[in-house]
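Pulled from TrEMBL, these are the features on record:
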type	residues	note
DNA_BIND	13-52	DNA-binding region
BINDING	Gly87, Ile88, Gly89, Asn90, Leu91, Gly92	NAD(+) binding site
DOMAIN	74-178	domain 'CoA-binding'
Amino acid sequence: MRIAEPTVERLVQYIRYLERCREAGKRVISSQEIGDGLGIKASQVRKDLSYFGEIGKRGVGYNVEKLYGHLNTIFAPPKTWKIAMIGIGNLGEALLGYKAFESDKFRIVALFDIDPAKIGRKIHGIPCYDVEDMPQVLNDEGVEVLIITTPSSAAQDVVDKATESVPIKGILNFAPTTLVVPEHIILYNVDIFVELEKLLFYIKLKEMGGNIWG
């Protein structure tokens, strides 16, 4: 079954929202409540969840525990993915402190940087190594996924070094640059400035009543 990328993104949002509902002790939830909580139309929520059969009751809603468990099972990886982060500057450290990085689906096992003050230390409990030692450490740790948070000028070089002799399967790139990677690697780019430009464009569009030409 092929699921469109925007649908996958929303499903991940549903899981995180349902997790908060579980923690709050909520037992039953409607598509309207999920939609209101995430800024998504209730009809879209129902359509997304219908990919996986009838898991709610019309007029009653969804059992929070069952729906959370169902979606979590779908997204559960076959193993705990081992991840390395390259570039432990302000963005890298901020991401490491983000609660969402505490997951049983993946584990950050190694950090890499060129700053002597960081190399050899543990940052958020994770050892930081010299970038020059990256191929050896990645192989020793069995890392298959990379998070790139380096300056754009360094991103391609570290990716080349990391993928040269290591069986990397995926890269999440936060560096504002276009990376070239081997065909077998899945690459996702997160460009905060592009997202900001999109936001500002839609604000402008709304203020102009939907007519961009004035």
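Count begins at 1; order follows the chain as displayed.
Using the three backbone atoms N, Cα and C, a Cβ is placed for every residue, glycine included.
Where the annotation comes from TrEMBL, it is an automatic prediction and has not been curated.
Counted over every protein chain shown, other Cβ atoms within 10 Å are most numerous around Ile88 among the binding-site residues Ile88, Leu91. Sorting each residue of the domain 'CoA-binding' (74-178) by its DSSP state yields 35 helix, 29 strand, 41 coil.
Of the chain residues outside the NAD(+) site list Gly87, Ile88, Gly89, Asn90, Leu91, Gly92, Glu93, Ala94, Leu95, Asp113, Thr149, Thr150 have their Cβ within 8 Å of the site's Cβ mean position. Ranking the binding-site residues Gly87, Gly89, Gly92 by other CB atoms within 10 A of the CB puts Gly89 at the bottom. Note on the DNA-binding region (13-52): mean pLDDT across this stretch is 93.
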